[in-house]
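Pulled from TrEMBL:
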- 1-31: signal peptide (SIGNAL)
- 339-362: transmembrane segment (TRANSMEM)
- 382-652: domain 'ABC transporter' (DOMAIN)
- 747-767: transmembrane segment (TRANSMEM)
- 779-803: transmembrane segment (TRANSMEM)
- 824-851: transmembrane segment (TRANSMEM)
- 863-885: transmembrane segment (TRANSMEM)
- 892-915: transmembrane segment (TRANSMEM)
- 978-998: transmembrane segment (TRANSMEM)
Amino acid sequence: MMPLLVAQNHGLYHLSCVLLVLSILSVNVIGQACMNYGETSPSNPSSCLCPPGFGGATCAQPGCGGTIFDGSHRSLAQASSGFANLTASDCTCGSGWGGVGCNVCTTSSACQVGYAAVNGNASTTSGLDGQVGLNDTIVCNTAPAVWAAGELSCQVNNPTLEALYPLGSTLNILRTLNGSLSPLHNTSGTLLSPSTSSSIYAQLMYAGVEQFFCTASPCTQTLSNSTTTGSSGNTASSTWTCQNLSCSCIKNATFCGGVPVSNLTTTISGLTGTLVVACDSTNTCHFQQDTINSVFGSQGLSMEGCVFGECVTQAVIDTTNATSSAAATSGGTELSGGVIAGLVIVGAIIAFGLAFIAWGWYVQRAAKKLPFNGGQSGGISVRWSDISYIVQSPKSSPYSLISKSSIRGGKIILDSVSGNIESGQLMAILGPSGAGKTTLVELIAGKTKSGQCTGSITFPPYAPGRRPRVAFVPQSDILPSMLTVREALTFAASLRLPESLPASSKAELVSTVISKLGLDGIAETRIGATDGTGRGISGGEARRVSIGLELVSCPDVLVCDEPTSGLDSVSAFRIVKVLKELAREGGVTVSHQGSHGHRKGVAVICSVHQPSSRLYHTFDSVYLLSNGRTLYSGPGGLAPTQYFKHMREGGGAGADILPYEEGYNVADYLLDIASESPDISSMPLDNNAVGEVTLSVRSEEKADRGEDVEALLSKQNLAQGMYVATFLTQLQVLCGREWKVLKRDKTLFVAHVCVACVLGIFCGGLYYQANLTIAGFQARIGCIFFMGSLIAFSSLSALYNIVEIRPLFLRERSNWYYSPTAWLLSRLIFDVIPLRIIPTITVCTITYWMAGLANDAVHFFKFIFVIVLYTLVMTLFNFLLGTLFRNGGIAILLSALSALYQMTFAGFFVHLASIPPILRWLQWLCPLKYTLEAISINEVGSGLMINDTLQGVPVNISATLIMQLLFGFGLNNYYRDILVLFSFIAVFGVAVVAVVWLRVRERR
């Protein structure tokens, strides 16, 4: 399964992996005049002051029998094979003393007898700081807490160590809190701590022989639980935290070169930094340091069967117990820097969100208080003069992708066309396919075009440069399929009418538009898919709904692109009839109080492909295009036939014009002329074919009132940049629509949740209750990797949703319904939460508990937190791809490839350190790598220990070591990984907003 398991038949190799962190290759012998951190005696430079329990010229010999009060006169263990050996010396402890070396008191009488044997009847408080005159009775404190200076002796029982060193190992520790308060402070030849500071002295004894010794100073003691006084002292649990740890090996001792294959000298000498000795009332202690924790787990090296003993006066206990008890019961655990940083970030996000909501509410409230101008609209004419539109032809030059296009070599779509329409008129723009009809109506409507425009468009009586409300109905019906007709119109009215207009007035306006368009019978019917893939309203009804979406904004000019295309003759005539009524009567305006009345006439311009005779005669005026040139602009009916008859009779180029046959469809006749006589001259600007008022624009009027088309379009976009609705209103309305869609179309949500449950059960069953062996640990990481990969691929549905809803967003954004930011927030709320986060939490929760991962709430919620962050990263990444590429296939391909890339560089299949340097940097761009590392650290941080047997050798080590060996993850990288995932979220979020604002816009 993984490289380590391949070598199961090589026990020595496994053993070397387990002991790798112990660094058993080199020997670094430290020699010094006084062993065990003793100090040279000021009165006798040839002798040493030794810690209690040691003596001899160099403090290298442990005490043998006697008591700790004997000091330099205490009998010592004799050397055996070059080392002082307590076992070989057959040392036995006197009554009331215990522990290896007999340094731990067990009864108060032992302390009293031992003190009296050396000091006679001298007061035990003599020379003690501030204790004279108090109760000087010596007692033996056998609790973990220390009052002055206490000894402890523990058995080191670890299967891995016992496999290497099968004889008994014992750790003796002297903890000195305040040496001046201990009866030992005046003992001859005894050193409690340097400069009377708090300290720890520790010695490891193996088979009665000292192997190495350590010291750390200064120290602080933290107590917990209850405290009692008496001969037993304080029963509180005690945790000692000491700085400046330093350890030294004894040359050629068993641990330090006596067995060359397991020489620990370098490792022991490298133990530095902070030392923590935590003891509880169950006679268990933990020796904790970073290197030791990485081998034996977060609890460090466990020691069992500990005995505690401290000879101390009752006066010391009485005077310090109250303070110690208060400190023991008052505190809690200090928050780490990472937790504080996380709380600050979360608090900042919450504060920003609340401030944003408050600001939005204030702006919304101010907008509702503005006076509503329910005045008349309409009565606007449209005039265009010398409009030309050129599309750049593709170039083969490699620089064409980055250089600005020029007009030369472009395709001419419109060639100096001119015309006008008065308010209250209905104009039909006719011409064969490719004549430029759609281009002209889009330019009039102010749509953004990709080509280059010249000419002028004005809207009398508006001053040049100003633009009225121009509504545009596109050729295709892009509608929200899950809303009813009334809901769709209400949505448009809520965003396109002033907020000062009450909701009741907007609802009345919507009802009026529904009645005017003849949609009363289907007002409560869902629109459905307009592409025929879903049931809903008919094509003609959908076209009227599209017109209604523009009418609710009370436009001055209505422009429709082929409103009759794809409809039968009856539906087409009904559409044009509605447009005729709108042109004559205008729309309906609603005042602040709700009253309504007729507006002025509206100019309605429609491009029509091939109208029937009945449909043709509905139009007031006709505008005929051919190859981008104007062939006719004037009244409708039979007037065009009279104009072309006049041209044919005039001779010249018009002689080839086909004659009109009575009863023939005039529209078909005009299309025949535009298709078969493309070389006839354009209609002169001053021509008056049938005695009607000239419909073209005079050149002097152009000079006085004209405006360049590109400048006009940019000014219009700038002017319309102020959305009618405030941002908070936009977000509320969008969220309301998304909620309705989610309630009515439950298939996607139910599918995600059901699939999550199935996959959770499958994955949980696959890794069910992974054991604590090396293979089991690999299975745990594999389970985490599987869930990360599942999230990476399941988030592809977010990309598809963006691609699917993109056309509707483009139409609504081009009509200034809402800002892209409001749309993105609504998508984030109603796509990420129900379709990403809830299914992710479902599958991960099921898998987590079935697989038997760290079974406590803290580590579970940290796991969920990381998974949710990764879900947000992948969702935003797919949002970015979905908005960046119009082709959904390309976006899906890139998303799938990125998921495979993440799986490669996550550290599961390939050890990160073994990746070639030229490719290794790619791991830093892999979100799954940070996710897998953070969750793995969270898992081993729960104190996970590996209990395995390799070729008969028991292994009991921390899972941290295996994690570092197999995957190369750093133990202290959890909060770094969290911050990196937040950075990915921020970068992708900003990128999505930027792309939507700059690229996802309608461009025709």
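Cβ atoms here come from the backbone N, Cα and C positions, even for glycine.
Keep in mind that TrEMBL annotations are predicted by a computer and have not been checked by a curator.
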Completion exercise
With the cut-off at Cβ under 8 Å and a gap of six or more residues from its ends, the chain residues touching the transmembrane segment (863-885) are 787-788, 791-792, 795-796, 798-803, 806, 824, 827, 831-832, 836-837, 840-841, 844-845, 848, 853-854, 891, 894-895, 898, 927-928, 931, 934-935, 938-939, 977-978, 981-982, 984-985, 988-989, 991-992, 995-996, 999-1000
Fill in the blank from the handout: Comparing 339-362, 747-767, 824-851 for Cβ pairs under 8 Å with the transmembrane segment (779-803), the winner is 824-851
Handout entry: Recorded stretches the transmembrane segment (824-851) and the transmembrane segment (747-767) touching, at least 3 CB pairs under 8 Å
Key = yes
Problem - For the transmembrane segment (892-915), sequence-distant contacts whose Cβ falls under 8 Å of one of its Cβ atoms, 6 or more beyond its ends - result: 781-782, 785, 788-789, 792-793, 795-796, 799-800, 877-878, 881, 885, 922-923, 926-929, 931-933, 966-969
